[in-house]
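Only one structure is covered here, and it is reproduced in the block below.
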Amino acid sequence: MSSSKKLAGLRDNFSLLGEKNKILVANRGEIPIRIFRSAHELSMRTIAIYSHEDRLSMHRLKADEAYVIGEEGQYTPVGAYLAMDEIIEIAKKHKVDFIHPGYGFLSENSEFADKVVKAGITWIGPPAEVIDSVGDKVSARHLAARANVPTVPGTPGPIETVQEALDFVNEYGYPVIIKAAFGGGGRGMRVVREGDDVADAFQRATSEARTAFGNGTCFVERFLDKPKHIEVQLLADNHGNVVHLFERDCSVQRRHQKVVEVAPAKTLPREVRDAILTDAVKLAKVCGYRNAGTAEFLVDNQNRHYFIEINPRIQVEHTITEEITGIDIVSAQIQIAAGATLTQLGLLQDKITTRGFSIQCRITTEDPSKNFQPDTGRLEVYRSAGGNGVRLDGGNAYAGATISPHYDSMLVKCSCSGSTYEIVRRKMIRALIEFRIRGVKTNIPFLLTLLTNPVFIEGTYWTTFIDDTPQLFQMVSSQNRAQKLLHYLADLAVNGSSIKGQIGLPKLKSNPSVPHLHDAQGNVINVTKSAPPSGWRQVLLEKGPSEFAKQVRQFNGTLLMDTTWRDAHQSLLATRVRTHDLATIAPTTAHALAGAFALECWGGATFDVAMRFLHEDPWERLRKLRSLVPNIPFQMLLRGANGVAYSSLPDNAIDHFVKQAKDNGVDIFRVFDALNDLEQLKVGVNAVKKAGGVVEATVCYSGDMLQPGKKYNLDYYLEVVEKIVQMGTHILGIKDMAGTMKPAAAKLLIGSLRTRYPDLPIHVHSHDSAGTAVASMTACALAGADVVDVAINSMSGLTSQPSINALLASLEGNIDTGINVEHVRELDAYWAEMRLLYSCFEADLKGPDPEVYQHEIPGGQLTNLLFQAQQLGLGEQWAETKRAYREANYLLGDIVKVTPTSKVVGDLAQFMVSNKLTSDDIRRLANSLDFPDSVMDFFEGLIGQPYGGFPEPLRSDVLRNKRRKLTCRPGLELEPFDLEKIREDLQNRFGDIDECDVASYNMYPRVYEDFQKIRETYGDLSVLPTKNFLAPAEPDEEIEVTIEQGKTLIIKLQAVGDLNKKTGQREVYFELNGELRKIRVADKSQNIQSVAKPKADVHDTHQIGAPMAGVIIEVKVHKGSLVKKGESIAVLSAMKMEMVVSSPADGQVKDVFIKDGESVDASDLLVVLEEETLPPSQKK
């Protein structure tokens, strides 16, 4: 005998209902599953029905049999469940004995109930005539009058015109509520307050009711402010017996749809409760009610109760009544319909009691941060809560389920029960936190905020509590960290790395090992447990910047600054070293280099590259490294009036940025100007002084000052330094960007400065491009420099700084540096491996380039310029590019070359090579050539004023009256940034932001926006090991990712699926902590045309996108239409709810991308406004 026949036999033997035991549920989603469970306990056979769009819905799988409603395309997704005749035909064909309507759809439709009975099938619910007398809210008011139960003032019957609504408003005043006479769930309801558009509200309510319930009839009643919504669960048999199962508090609502329900009501006085329960039973008896239903009341601030309606059906929240009474309401419904009396079921009023409390939360796929906009998509992860006192009633809640825009957004109902309200509240919080739902937005963050609100804790909420409490929307959203990381790893597995500048894969196939340091006795130093030795930062923190500088000057020797964490990897590895690898070695560095003057670790190109290419937050890097290295000062590179940007910014932006840098961990600010323009330099210097940082005002060294006739000679430098000293600086910086300072020049310059300024600390920076930097820095030290820059051996030489070990060897026996040579060697082992890990960013430089004395390309730029030349197809013309760089420099007037001026020279050089132009050609054709923007900016004066002025007539020829000629500091021409407005805009666009976000946006608006998009998609990528950030994972390779202290993800790539030729996607399979996860990724190598509509750019205010997926009911504008801010442009229907899409600004419609009846996805582009018609504040 088959297992199905055995099961059927069991049902026949144990059926409580005899031969009539086949039940069909005319509904979808969660409620059929709930009904099937009770039916199965009664040994019944169950039948599900489903629309074509619901063919993968879970409810059809939970039934013994399931049948589709009609044929594909015959009905709309909602219309299928409203197809009465079709549903009854299915029931008759399959010999159904009972039909249960669930809630919503046809559950309150008397015509359907009548048709079911006439078809010879038992209807589980009140008879049609009772539905007519109570299900219609207007009829319910007549019932209340017969039962002498108070009601809220309202129209005596249904209304058909707007004028009738206006007449009521004129008689009773505002506010009023327009309500659908049929149905519920908050649909077909509109509150109208004074000044609102009554006609529009009436039209929307009737249209929504017609769509949801097939009947657009509405009525109007007085709207009570801040009432409680109390409902009483009723059961009535076919013999006139009625009992109540006590009350539920359903006051926590949004859009008149319940969000959280509590049973019993926590704060309802006993006498009010008793009166409501009595009235509920009285109403049921007067109307001859049968089966399950709910009498609903409002309770005002004076504890007066008003009857609203009887819902002639099972309610979504029946679960919590079951939990506090122990009564299976659905089972009772079925048995009453089969003829059982309440007495036979043991349901006597004096025997029915409550125990404890129960709370139900409806978990939906809605985004609370976007006004509860329904979200659609695929559930990538679904892991539910459980444990003592937790009940789940779900529908299509499983990994892989598709959330459609056609139906209600509820995923699962979570009901928690316990002995006290407070115990249950805490249990619910725990349960919600346990849920893991990924792939769509949910309302869980909102529910958690709601449950912890003091009003909810006290139980004193009211029906508009959510609307009246904006702080409920200050939510802490689920971070979804693991799933976002999987999306990145999946994309990497399918499409490879998209990091700009990466060529090939890392040579190192494992993670670098962290070396051990040893003390003088040979014992291993535990760098994670023992605090690092005190360093120069302790001096700074205790004594302040001035005394710090004084003690640096008094140090008997030459201190070293390690540039490995910034300029070294900028020069050798395209600035691509990640926070992950810096943080890994940071504790060891704090011990090994405890005597160092500073670590250069921030600012300059590292700032924008972190966001632009590494997808990291530079501020998070700074804070993380600061926490790991508390003893060594941090130094950053500040581009004077540019901050860390490439052009001048308003002074208040520089002040704001520097303050954030100081507050988050920067100690010493090397401030420079690319042209040694002292007016530009002063902006940065003053900002550092205001912030309380150490000022290292810096003069940029250019060329070989020993050559006769050079523009930048000793007198020039002495003159610039004198003005810097007058300006006020704690330390003097000398920045030799290209490494052209020869040892003899170093001796002369530093010696001259030391003689003239005996008390001023001098800090020298150079590059080893020519291979002479060790000798030059030795000469500086011997000539009296207080600090020189070096890099760890494996990250030194070529375009980087000189080797720390080579310099230590050169100074050994003559000058103390305070550095332990053995510790440096041990530290170097890590960076030797690290260099291999980042080999895919190495420039193809084989050795020193003494030609630097001719072309003067800065070390940090030389490798980038080589890469750019290769990208532009000029790699084979590298020698020509270097010659062009020298010519370009002289065309521009032989300027100081450091970011951003070095970029100007580089851009002009590449322009010349790619267009085969000589310097003579440039001079001759300047008035007809289209130069790179950076060259135009330079000649305009936006970068500053060069020493000796601009070359004429070239400047005039290049500008050609297209641009002005600035003669003052560019910042003086700029309006201060409105920091408060920027902060507000960023908050609205990106949610939780801080002052560091404002500073980042001020420096690089577009880069910051792109970074935020990446972070929203992939999360914090800085936690990934670099090998797995740059290279696809190997199958079955185990990746450990620590996302916070004590939380480590273990990820394994299982497989990459075949290409889906229709979608162009591949499925990538992972194990995450042993659990299978599947991610879909577009294969970018496939040229598959997408049929998707264009998406609106959320950062472009003249593009209007769909707020959610749904169907366009009405397009209200056309091309050329003039619209006002807030004016409706379209009406969208989704999840049985209508939403008006409004214009964000005044303007004229440029394009319309939709038509009536068209389906759209969330963010699909609907309308574009003419950009020039927008107010200046809203232009992109």
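Cβ coordinates come from backbone N, Cα and C, glycine included.
The Cβ of R313 (active site) lies under 8 Å from the Cβ of P101, G102, Y103, S107, E108, G125, A292, G293, T294, each of which sits 6+ residues away along the same chain. Annotation source Swiss-Prot lists active site at R313, citing similarity to another entry.
The ATP binding site annotation in Swiss-Prot covers K137, E221, H256.
Annotation source Swiss-Prot lists substrate binding site at R566, D567, A568, H569, Q570, R639, T899. Of all Cβ atoms in the protein chains displayed, 26 besides its own lie within 10 Å of the Cβ of Q570 (substrate binding site). In the three-state DSSP reading, Q570 (substrate binding site) counts as helix.
Residues or ranges marked as divalent metal cation binding site by Swiss-Prot: D567, K735, H765, H767. Here K735 (divalent metal cation binding site) comes close to R670, F672, T698, V699, C700, Y701, H765, V898: these same-chain residues lie at least six apart in sequence, with C-beta atoms under 8 angstroms from its C-beta. DSSP assigns K735 (divalent metal cation binding site) to a strand in the three-state reduction.
Confidence across the domain 'Biotin carboxylation' (19-471), taken as the mean pLDDT and rounded to a whole number, stands at 92. Annotation comment: Swiss-Prot describes 19-471 as domain 'Biotin carboxylation'.
Per Swiss-Prot, domain 'ATP-grasp' is recorded for 141-338.
The domain 'Pyruvate carboxyltransferase' annotation in Swiss-Prot covers 558-825, and the record cites sequence analysis as its basis.
Residues or ranges marked as domain 'Biotinyl-binding' in Swiss-Prot (evidence: sequence analysis): 1095-1170.
Here Swiss-Prot flags S2 as N-acetylserine, drawing on a large-scale study or a structure entry.
The N6-carboxylysine annotation in Swiss-Prot covers K735, and the record cites similarity to another entry as its basis.
According to Swiss-Prot, the N6-biotinyllysine annotation covers K1136, on the basis of similarity to another entry.
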Environment of D567, K735, H765, H767, the listed divalent metal cation site - residues of the same chain whose CB lies within 8 A of the CB centroid: T563, D736, M737, S766, D789, Q801, G859, G860
Rounded distance in angstrom between the Cα atoms of Q570 (substrate binding site) and H256 (ATP binding site): 58
Euclidean distance between Cα atoms of H767 (divalent metal cation binding site) and R639 (substrate binding site), Å: 18
Cα proximity to H569 (substrate binding site), best match among binding-site residues E221, H256, H767: H767
Shortest C-alpha distance to D567 (substrate binding site) - which of the binding-site residues E221, H256, H767: H767
Cα separation, H767 (divalent metal cation binding site) to R566 (substrate binding site) (Å, whole number): 13
Fewest other C-beta atoms within 10 angstroms, as judged across H256, R566, H569, H767, which are the binding-site residues: H256
Neighbouring binding-site residues, C-alpha within 10 angstroms of E221 (ATP binding site) - of A568, H767, T899: none
For the domain 'Biotinyl-binding' (1095-1170), residues assigned helix / strand / coil by DSSP: 0 helix, 39 strand, 37 coil
Cβ-based isolation winner (fewest other Cβ atoms within 10 Å) among the binding-site residues E221, D567: E221
Fewest-neighbour residue among binding-site residues, criterion Cβ within 10 Å, set R639, H765: R639
DSSP state at H765 (divalent metal cation binding site), helix/strand/coil: strand
